[in-house]
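K.L.:
Shown below is the structure under consideration.
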Amino acid sequence: MAEVIQSKLVWAVYLLHLLLLISIHGSTSDSISSEGFCAVNSGSDCGLPSPYTKILIKGGTVVNAHHKEVADVYIEDGVILSVRPNIRVPDENIRVIDATGKYVMPGGIDPHTHLDMEFMGTATIDDFFTGHAAALAGGTTMHIDFVIPINGNLTAGFEAYKHKASKAAMDYGFHMAITKWDEDVSKDMGVMVRDHGINSFKFFMAYKGTLMVNDDLLLEGLKKCKSLGALPMVHAENGDAVVEGQNRMIDLGITGPEGHALSRPPVLEAEATARAIRLAAFINTPLYVVHVMSTDAMEEIAKAKKAGQRVVGEPVVSGLVLDDSWLWHPDFTTASKYVMSPPIRELGHGQALRAALSTGTLQLVGTDHCTFNSTQKAFGLDDFRKIPNGVNGLEERMHVLWDAMVETGKINVMDYVRITSTECARIFNIYPKKGAILEGSDADVIILNPNASFEVSATSHHSRSDTNVYEGRTGKGKVEVTVSRGRVVWENDVLNVMPGSGKYIKMPPFSYLFDGIDKSNAAYLSSLRAPVKRSSAAS
Ligand SMILES: *[C@@H]1O[C@H](CO)[C@@H](O)[C@H](O)[C@H]1NC(C)=O
Ligand SMILES: *[C@@H]1O[C@H](CO)[C@@H](O)[C@H](O)[C@H]1NC(C)=O
Ligand SMILES: *[C@@H]1O[C@H](CO)[C@@H](O)[C@H](O)[C@H]1NC(C)=O
Ligand SMILES: [Zn+2]
């Protein structure tokens, strides 16, 4: 497979040169903005010239989040033009794909990844090309990555990520982390929302000394997010207590990967989750909790939702299907690949998270794809605190979830579409352009054969890592075809991807989560029964 990508790469680099030549000679496309990014509504000529074909997907079961039917899907120039039974089109230059007995679904959208991110003295091994290749081979056609500011500077961080993403092979959007607070940061948040299509900001309550924010900053951030209609996101762990827990393990002489799990138990995740939820309630803003890993944190979210608060909980695949016994594995390479934060928990947490996902308490699934290879993981050979945190999942998410949730009867195919694609598109305000198979939606489509099976292995995956946390996992359901923006990019186990063909998707503020916030603000103000008019000071 690597060879296939490589030959495509050579071809793509050639095309890229050609395109550069063309644009240098004056025929630049209007739809390429001054930033070099394509806007959300730009035409099909944005990006590389690609051999767009007209595609007719015949006879499959077309699945949307609220409906499924046997129908044909007709695609032209990267957009879905028609969805209905028995579409008839003149058969010149049309690629017909038979999907009889298979599911035709919106491509997956992964809300949580870290491609080409500098972290813990190294950088994640998958960049915006290898990460996208992996994603597309696994049926994911869009993701939202986290821009990390440079020394707190949002603009500098955005510029850097724009550059990293210039080799994108599928559509992507950005969240942005907030790591310090001053007037410039506050002002730049507005610029990011208004000019750059960012509608969510992440606050790390852990990673003391690098990314961590205190309550003071979190409160400022929540207020600012609310005023911009941008969704605040939190990595919820008590970072001060994590340091205490780490010191405790080192003092006890526990320096291996198991020390990672022992140093940051579920109570620290639950505490920070509860704190963030309560502060968001105090500010009256929606909140998104990334990588919910424990029953304890999930129950805080369930409680808040039951009380009517707008809290979105995002489990990740590793937390749903793995358990922490791997961290006790005698082989360091094996054990260390499972190190991520918050940690993968004891057996039982995953089951509770899957149950919460099946009932809607948790709403959508990410991966936190943040991959380091075994050489990088070995930085922490003598000290678990130095093991770069992160696991893979971008390529495996769709398959593992299908197997764990649909094959086991926990959810139906429509719920599957909702948790892997539609809900993400709604929360980040790009529905129904993304997350649906409807007339006018982007042609990001997968065909899944429920009778075929998948198998995960580091020897066949498309990530650049030499390890895989789902090594050896097999299951039913296989993505046989991936269509990205109207191009067949994955078929017969062969990838056909081009660096530079992915587009930046701008995401507007004020998603449905903000509907009615103004009314509840007004209700709050009118409930204060203050100020009280008092007679002048007592004599
Ligand atoms: C999968 O199996 C089911 C049940 O046996 C059958 O109805 C369906 O047509 C099969 N689909 C494919 C693509 O083989
Ligand atoms: C942030 O970075 C941008 C781009 O590199 C630069 O123009 C700007 O001056 C920086 N802002 C601050 C406050 O340093
Ligand atoms: C891991 O990645 C680094 C940096 O790209 C590379 O030097 C190293 O050889 C890789 N290790 C393995 C086992 O692939
Ligand atoms: Zn993350």
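Glycine is treated like the rest: Cβ placed from N, Cα and C.
Grabbed the feature section from TrEMBL, which reads as follows:
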| type | residues | note |
| --- | --- | --- |
| DOMAIN | 103-489 | domain 'Amidohydrolase-related' |
| MOD_RES | Lys202 | N6-carboxylysine |
| SIGNAL | 1-29 | signal peptide |
K.L.:
Does anything in the same chain, at least 6 positions from the residue listed as 'N6-carboxylysine', have a Cβ under 8 Å from its Cβ, and if so what?
P.N.:
Phe146, His175, Met176, Ala177, Ile178, Pro232, Met233, Val234, His235, Val290
K.L.:
According to DSSP, which of helix, strand or coil covers Lys202 (N6-carboxylysine)?
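P.N.:
In three-state terms, Lys202 (N6-carboxylysine) counts as strand.
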K.L.:
If I take every residue in the domain 'Amidohydrolase-related' (103-489) and average their pLDDT values, what number comes out?
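P.N.:
Result for the domain 'Amidohydrolase-related' (103-489): average pLDDT 98.
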